[in-house]
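The feature active site, proton acceptor is assigned by Swiss-Prot to E195. The active site, schiff-base intermediate with dihydroxyacetone phosphate annotation in Swiss-Prot covers K237. Per Swiss-Prot, dihydroxyacetone phosphate binding site is recorded for D40, K152, K237, S279, G280, G309, R310, and the stated evidence type is similarity to another entry. Under the heading D-glyceraldehyde 3-phosphate binding site, Swiss-Prot lists S42, T45, K113, E195, citing similarity to another entry as support. If you look up Swiss-Prot, you'll see R49, S279, G280, G281, S307, R310 marked as beta-D-fructose 1,6-bisphosphate binding site, on the strength of similarity to another entry.
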Amino acid sequence: MAHCTEYMNAPKKLPADVAEELATTAQKLVQAGKGILAADESTQTIKKRFDNIKLENTIENRASYRDLLFGTKGLGKFISGAILFEETLFQKNEAGVPMVNLLHNENIIPGIKVDKGLVNIPCTDEEKSTQGLDGLAERCKEYYKAGARFAKWRTVLVIDTAKGKPTDLSIHETAWGLARYASICQQNRLVPIVEPEILADGPHSIEVCAVVTQKVLSCVFKALQENGVLLEGALLKPNMVTAGYECTAKTTTQDVGFLTVRTLRRTVPPALPGVVFLSGGQSEEEASVNLNSINALGPHPWALTFSYGRALQASVLNTWQGKKENVAKAREVLLQRAEANSLATYGKYKGGAGGENAGASLYEKKYVY
């Protein structure tokens, strides 16, 4: 009698040792009280950050900034993993110490951004597809050798109810691309972080965002199953359910918490170890408070934590200003924000970390990472 997997013509299973390694890494990334530092800004994106503090975008300055982040003593108490840009994975600081080693010193797992950016989907109104599947398997092998143990692939969708966005074509393209990426990563021992980001652009209500997010996540997990992705060895990086940035209707952090949790419960299998939210242009304080509201509704079948870039780094950059004499203070600010988000993963954040500057909006229209 044929086995069920043979009858169903199911995708080939991962070797047991690979599956075990992936599941172990995924669990470590979402261990209690910790989240992920997204420091994988492209060279073009980091230029925008440096322009804001009037700092030249040189390889030396980029290395100095990464050294500031990864050399922060005690960061590993709140941060489990760090997503790196390819340059950073192979980079050393001024003292000749590899950035990966700085992370290892804090028991932080190195990860790598593997997508190659966005292009327009033909026959759509500028909806986006993510590039990077060609040659991904070979790159994953090199990244693993260099010390990376997980990867990230970002897709974006836009809500525009008047134009019927996101279209079914866009959602399918997003889901299938994420699933192919995830499968390739797992075949090469990297835990895939699956990131279907629905941008906050536009005037749509929080209820519309909930409906669209539910549809997108449903399609993503269907595609993951069809591609044989081991859910126990993967993580999801979604947007929180929020109103569009131009929406005039008032919403509360409790609204964000309730609708985000409801959406996840309707779509995300409990086999997945965890969900690591993106901040999506929320202020540092909003990102912490909303994460707190989400976790206050627990217990949940998955860990619900953070994978923040701007919401962990904005005040750090403003404090640093590219000056060596500001490094120690900037590291204090990083620890303060990381601890705030750690508390939020327990639903115990009371607010107020970072003062007034933490409340500044970090929203960028049509955000490119």
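Keep in mind that glycine also has a Cβ here, set from the backbone N, Cα and C atoms.
Keep in mind that this is a model prediction, so the values were computed, not measured.
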Q: Fill in the CA-CA distance, G309 (dihydroxyacetone phosphate binding site) to S42 (D-glyceraldehyde 3-phosphate binding site), as an integer in Å.
A: 12
Q: Give me the Cα-Cα distance between K237 (active site, schiff-base intermediate with dihydroxyacetone phosphate) and the residue listed as 'active site, proton acceptor', rounded to a whole Å.
A: 5
Q. Out of these binding-site residues, K152, R310, which one has the fewest other C-beta atoms within 10 Å of its own C-beta?
A. R310
Q. Using DSSP and three states only, what is S307 (beta-D-fructose 1,6-bisphosphate binding site)?
A. strand
Q.
I'd like the number of other C-beta atoms within 10 A of the C-beta of K237 (active site, schiff-base intermediate with dihydroxyacetone phosphate), please.
A. 23
**Q.** Spatially closest candidate among S42, T45, R49, E195, the listed recorded positions, to K152 (dihydroxyacetone phosphate binding site) (Cα to Cα)
**A.** E195
**Q.** Maximum Cα-Cα separation (Å), residues S42, T45, K113, E195 listed as binding D-glyceraldehyde 3-phosphate
**A.** 18
**Q.** Secondary structure at E195 (active site, proton acceptor), reduced by DSSP to three states
**A.** strand
Q: Report the nearest neighbour of G280 (dihydroxyacetone phosphate binding site) in space among the recorded positions S42, T45, R49, K113, E195, comparing Cα positions.
A: E195
Q: Using a 10 Å cut-off, grab the number of neighbouring Cβ atoms around the Cβ of S279 (dihydroxyacetone phosphate binding site), all chains included.
A: 25
Q | Distance check against D40 (dihydroxyacetone phosphate binding site) for the binding-site residues R49, K113, G281, S307, keeping those with Cα within 10 Å | A | K113
Q | From recorded positions S42, R49, K113, E195, S307, the one whose Cα lies nearest S279 (dihydroxyacetone phosphate binding site) | A | S307
Q | Most crowded position, judged by CB atoms within 10 A, among G280, G281, G309 as binding-site residues | A | G280
(Q) Give me the CA-CA distance between K113 (D-glyceraldehyde 3-phosphate binding site) and G281 (beta-D-fructose 1,6-bisphosphate binding site), in Å, as a whole number. (A) 19
**Q.** For S42 (D-glyceraldehyde 3-phosphate binding site), the one of E195, G281, R310 that lies nearest, given that the recorded positions are compared by Cα
**A.** R310
